[in-house]
Amino acid sequence: MWWVQQAIVWLALGAVLTAALNFFLMTRAPPPAAHSSHQQSPSFSAVEHRSFHKPVYIKGEVYALRNSEYHIWNQKNRTGITNTIQSLYAHLPAVKLQYRTPSPHLSSLIHALRQDVTTRGRTSHPWDLAKKWANPRSLIPSSALGLGDVLQALAKAPIISTDVGYKGTQLKISLVLKGGQRAVFKPRRYSREELLEGEVYAGADRHNGEVAAFHLGRVLGLLTVPLTVGRRVSPRKHLLPVASRELAATFFKRRVCYYCHKNSSVCDSGGTLEGAVTLWLPAHLPLMHLPHPWARTYTRTKLAPWEEQPGYCEGLRQHAPYSGDQSPRLLDLMDAAVFDFLIQNGDRHHYSVVAGKPEAAIILLDNGKR
Ligand SMILES: Nc1ncnc2c1ncn2[C@@H]1O[C@H](COP(=O)(O)OP(=O)(O)OP(=O)(O)O)[C@@H](O)[C@H]1O
Ligand SMILES: [Mn+2]
């Protein structure tokens, strides 16, 4: 239909123009008179002043901080973040000294973690075991005999029904596995090796990142990453025959499989589709979602409060759940930050905890932007 084509052309033109304008605004050199005509605000600290010309992080290091120069051109104060980074670097030599050599316990730890994953035949009721393990501070015990059976069941149990995924922005399929266990299937969007450039939240979810995150969580002793395995399914044989009407409709919309890349033949050829299957949390752990106090802003032209305000953390500690001794939330957020740094996830805009439990740990859901 011609008007649809017209609309698409105009939309595309609009998007290109907006992108070009944005790019121009972000990359244009600061106006030559800017520094001389504007007197620098007295609130600028020495650190921020120095960082006008020299970034405080060491060049070449991996860092998760966006290298925004917007604040410089617009005379914005990034004291909060520059001070924080400086104090981090002050600790660095001591930390490097303390952890010069790998811990002697490392190899036995890895061995034990691996054994839990590979040992099978410990239970014939894997779903019940996983449910019994889960509490507001951890989803599995640190020594998890039977984990191999739960992971095996996630990877192999027959799929008895499928439905469109729950809320969220990414494509996913809700599964019920034999035995009544709910799980979620996040289909592959990129090859496992694909490297995505750009902002840390660039691109769509990487399915294998969800699997790796689960195992990394165990290595770090962060036991709130939901159990996840890789699984190949045939959409035609395994998903469609047991699909809800709503899911089935999305599959054959315009003869292009909704869950595959346009040019991919996985669905049409009756081939297999790789993805990650994640165990759904049990009903006794209802989740609530809170804004992450150190969330990034998703526009390059806006700074987050923690970037600007030097006393941001102290301010936060005046309020529950970040105050006092009642909740380990602030420390849990620090742990989650280490985890997110290691997987290079810059997309934890909100965090999830079990509702109504001040002691609840952060449930490390949604690790695909790794
Ligand atoms: N394994 C799970 N168990 C329980 N609830 C879950 C599970 N996975 C996801 N959810 C719920 O669904 C929501 C969306 O999931 P997820 O964050 O993985 O999707 P997403 O499309 O990446 O979302 P967003 O675009 O908001 O980041 C979660 O915030 C959580 O409430
Ligand atoms: Mn997400």
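Placed from the backbone N, Cα and C atoms, the Cβ positions cover glycine too.
Model, not experiment: these values are computed from the prediction.
Per TrEMBL, the features are:
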type: ACT_SITE; residues: ASP347; note: active site
type: BINDING; residues: GLN170, LYS186, THR278, LEU279, TRP280, LEU281, ASP366; note: ATP binding site
type: BINDING; residues: ASP205, ASP366; note: Mn(2+) binding site
type: DOMAIN; residues: 256-369; note: domain 'FAM20 C-terminal'
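Shown for the domain 'FAM20 C-terminal' (256-369): DSSP residue counts in helix, strand and coil, namely 24 helix, 19 strand, 71 coil. Local packing around the Cβ, expressed as the count of other Cβ atoms within 10 angstroms, is greatest for LEU279 among the binding-site residues LEU279, LEU281. As a whole number, the greatest separation of Cα atoms within the ATP-binding residue list GLN170, LYS186, THR278, LEU279, TRP280, LEU281, ASP366 is 19 Å.
In this structure, ASP366 are the binding-site residues from LYS186, THR278, LEU279, TRP280, LEU281, ASP366 whose C-beta falls under 6 Å of some atom of ligand 2.
Looking at ASP205 (Mn(2+) binding site) and GLN170 (ATP binding site), their Cα atoms lie 7 Å from each other. In three-state terms derived from DSSP, LYS186 (ATP binding site) belongs to an extended strand segment.
When the neighbouring Cβ atoms lying within 10 Å are counted for each of the binding-site residues (GLN170, THR278), the highest count belongs to THR278. The Cβ of TRP280 (ATP binding site) has 17 neighbouring Cβ atoms from other residues within 10 Å, across all protein chains displayed. Note: the CA-CA distance between LEU279 (ATP binding site) and ASP347 (active site) rounds to 21 Å.
Around ASP205 (Mn(2+) binding site), a 10 Å sphere centred on its CB holds 24 further CB atoms from the protein chains shown. Each residue contributes its Cα atom, and for ASP347 (active site) and ASP366 (ATP binding site) these two points are 9 Å apart. Averaged across the domain 'FAM20 C-terminal' (256-369), pLDDT for the predicted model comes to 85.
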